[in-house]
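Here it is, the structure, as structure tokens.
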Amino acid sequence: MFALLPIDVLLIAAGTWLALGLAGLAAPRNFRYISKVLFPLGAAVAVLAGLTSLSFLGSGAETAVLAVGLPGLPFHLRLDNLAAVFVLLLGFAAAGISVFAAGYFRKGEGAAPGLLCLQYHFFLAAMLLVLLADDAYAFMVAWEGMALSSFFLVTTDHRHAEIRRAGYLYLLIAHVGAIAILLCFGLMASGSGDYTFAGMRAQSLPPFWASAAWLLALLGFGAKAGLLPVHVWLPEAHPAAPSPVSAMMSGVMLKTAIYGLLRVSFDLLGEPLWWWGVVAMAVGLATALFGVLYSTVQSDMKRLLAYSSIENIGLIAVALGLTLLFHAYRMAALAALAMTALLYHCLAHAGFKSLLFLCTGSVLHATKERSLGRLGGLIHRMPWVAWLALAGVIAGAGLPPLSGFVSEWLLLQGFLFSPGLPHPWLNMVVPVAAAVVALVAALAGFAMVKFYGIVFLGRMREEALKDAHDAGRWERAGLVWLAVLTFLLGVLPTTVIRLIDAATRQLLGAGLADKVREHGWWLLAPISPDRASYAPLVFLAVIAAAVLLGRQLVHRLYHGRLRRSPAWDCGYVFQGPRAQDTAEGFSQPIRRIFEPMFRMERHFPTVRDEQPYYSVKVEDHFWNWLYLPLARFADGISRLIIRLQGGRIAIYLLYSFLTLIVLLLVARP
Amino acid sequence: MSTVVPLSAQLINLFAAVILLLAFAMLAQRRVLPLINLFALQGLTLCLSTLVVAFSTGQAHLYGSAALTLVLKALLLPWILHRLVRKLQVKSDVEGLVNIPTTMLIGIVLVMVAFNVALPISQLASTISRGTLGIALASVMLAFLMMIVRTKAIPQVVGFLAMENGLFLAATSATYGMPMVVELGIALDVLVGAIILGVFFFQIREQFDSLDIRHLEKLKER
């Protein structure tokens, strides 16, 4: 009997996605067929992929060879537990996003729907292949396919110059990253010339070359993930893309880069060195702090979320650094704890950030407005979106009982044990990093409050918002799916940890599951219950009870005495919804406290202004410190080369002639 | 090395010297039609030299190469070029970027370089015609020099074709010719190249009303 292995199912899923994309191309203008048939089918395939990897988790690796590509260079594929965790993430997040997309794309917006369908499903298939690839060649092909298809998705609305600019920036940095990854693979294969991952695993590089390969991987994958200083494309590309695409990029694509980093650090390079952990932690902390600070001061809702993605990737990099440190010093249980925090945060972020990006999509469609300063009070018009966004916001702020809390709590637990590191200054410095992580978590809460409060609460800042409508059925279904995932990740941490433990065990040789299992499914105590434990259901019950009690009390005490009247108006005569706190005003304290971190251009109104206005523009220091000098340098080099290319045939001939003579003289026997 | 040089080797050296002389003559020739004639003459000499090598070594396939050279380089290509010149009504004077005496001096330096470079190789070779390798290399370089210093399109093409002559001579002298397949391929390439360039001339002429390739500088991206 021919048995269908999980890896075959996943290959069929990738093939089906490609076929769905091509099917969209068959009738590129048939809007109903594409949005109501192909996208839901894609979502079903995504669920299938997710369920397959769910059933696979915990079993041994499977391999397959796919005879496509160049002759003699077939695609080697391999499904192991690490890949399965990320396939799980991809499948479940993509299911929600695809269902949402079925209702999201509108007739006559941007590219032809058939083209969008092709790019979107190609993107999904490429991401799946990245996770399954088992040789450098297949990996790079899938990786580039992913970059290209997402580039086209970002530039869907290519009629706007700024979107083209964002797309160009994205493509540029994606290629810088791809070159770094290619060089990294080249180094790892240099000994044997074998480009399969099995060959790379088999050999061990000398420390210098291993470190060079790891740093290249950090640069290459960091460029895709959005680590400092190659993060600049992220806040440009995410707002430019349609919301389901932003959700897919932020929720899933960034995680493929994390996957690559894990694959190289723990699987392909063999034993990591301790200082890699310090580097990863330093880069991660800088990224997290930078991302969260910039996300608090944004006034465009999608840019705010994009910077928040940078922050979350930074936290994941911190967890990676911690894992590397513990692993290098052979503290297996703690390394497993940090790795669990890392994988958990990947899953959590994929859920809540996709959810939030999709919510901005619904808001964008309902109001045609992205600027926070023109939104407000939408909870009255869009209750579905508002309440579901609340789930994402709570998770994003790292509050119990939702998913973000669990991973950040696990990460901080890992930090609490870092004084045990057998290194004189590391065990002093690393706990300071924990303080920075705590600061980042607090600021992330601030950014989320700002996002939610200004978009959904308060009064409507513009008249036009009165016509806003709630999300459609498809959109709602996608949002509910992601919110439910976020909720489950929050309240069932022990179950989830037991699932992802297979990957931890594969990479580190130690897991958390046995410890976790000891205390039953309702209590999470990663090291021992005496030190720290978390019972999500208790939290949930207490929170629910407190809310109900409060509501009950309010009803009892104020029943019948409730009346609506204008709020206290500080003695001003004119008071409209515009008098509410603005996005800029809300974050002003943060901007003031962290002033040196920002590059600001402000315009203050003066008494004599006919039409007084206030504006503030916050820019990234990296543009002026790193990117503009680099661009000027490249420009200068190109100018020199233009001088070489004078346009005269005689000169060109002379170049080759002189080269010939020099070569002849040099190669003289 | 014996002092008595067989007749065939002397003949080969003689023809090689003639080819080098013709290369210099082409470098010095200002007018288009005589230039083409010189090129045809060089092709003929090349054919004769190949025949002598073929006869003295008994390499049968070299007869084929010699025939190919005769047909292609001594007859067909000069004829095509003549026709082109007539159709395009090229003015006879050829301007150079560098004046003729200087060009000749540079050419002499090139010949010295070529001999210097080829000496070690020809000592390794065991063929009867090994002494001519330096000359072959020199004529390649001289043809290249012609391509550089001429500003009109047709002399450039002649330079390009003459370069192929030099290559052919090098191949015969170092290894008794290339395999027939390669030779046929190169011959076809040269022919097709000449035809395509002919088409280009018409286009350049249409566009700029002149065959001066300095006009092409305008095509540069600014």
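Placed from the backbone N, Cα and C atoms, the Cβ positions cover glycine too.
Pulled these features from TrEMBL for this protein:
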- B:6-28: transmembrane segment (TRANSMEM)
- B:35-56: transmembrane segment (TRANSMEM)
- B:62-85: transmembrane segment (TRANSMEM)
- B:97-119: transmembrane segment (TRANSMEM)
- B:131-150: transmembrane segment (TRANSMEM)
- B:157-178: transmembrane segment (TRANSMEM)
- B:184-204: transmembrane segment (TRANSMEM)
Looking only at residues six or more beyond either end of the transmembrane segment (B:184-204), which have a C-beta under 8 A from one in the stretch?
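For the transmembrane segment (B:184-204), the far contacts come to 68, 72, 76-77, 80-81, 84, 88, 153-154, 157, 160-161, 164, 167-168, 178, 210-211, 213, 215-216.
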By a Cβ-Cβ criterion of under 8 Å, what residues six or more beyond either terminus of the transmembrane segment (B:157-178) are in contact with it?
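Same-chain contacts beyond the flanks: 12, 16, 19, 23, 26, 35-36, 39, 42-43, 46, 49-50, 53, 57, 59, 61-62, 65, 69, 73, 77, 81, 121-122, 125, 127, 129-133, 135-144, 146-147, 150, 186, 190, 193-194, 197.
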For the transmembrane segment (B:97-119), find every same-chain residue at least 6 residues outside the stretch whose CB is under 8 Å from a CB in it, and list them.
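The answer is 20, 23-24, 27-28, 30, 133-138, 140-142, 145, 148-151.
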Mind checking which residues reach the transmembrane segment (B:35-56)? Cβ under 8 Å, same chain, six or more beyond either end.
6, 8-9, 11-12, 15-16, 18-19, 22-23, 25-26, 29, 62-63, 65-67, 69-70, 72-75, 77-78, 81-82, 85, 94, 128-129, 132, 154-155, 158, 161-162, 165, 168-169, 172-173, 176-177
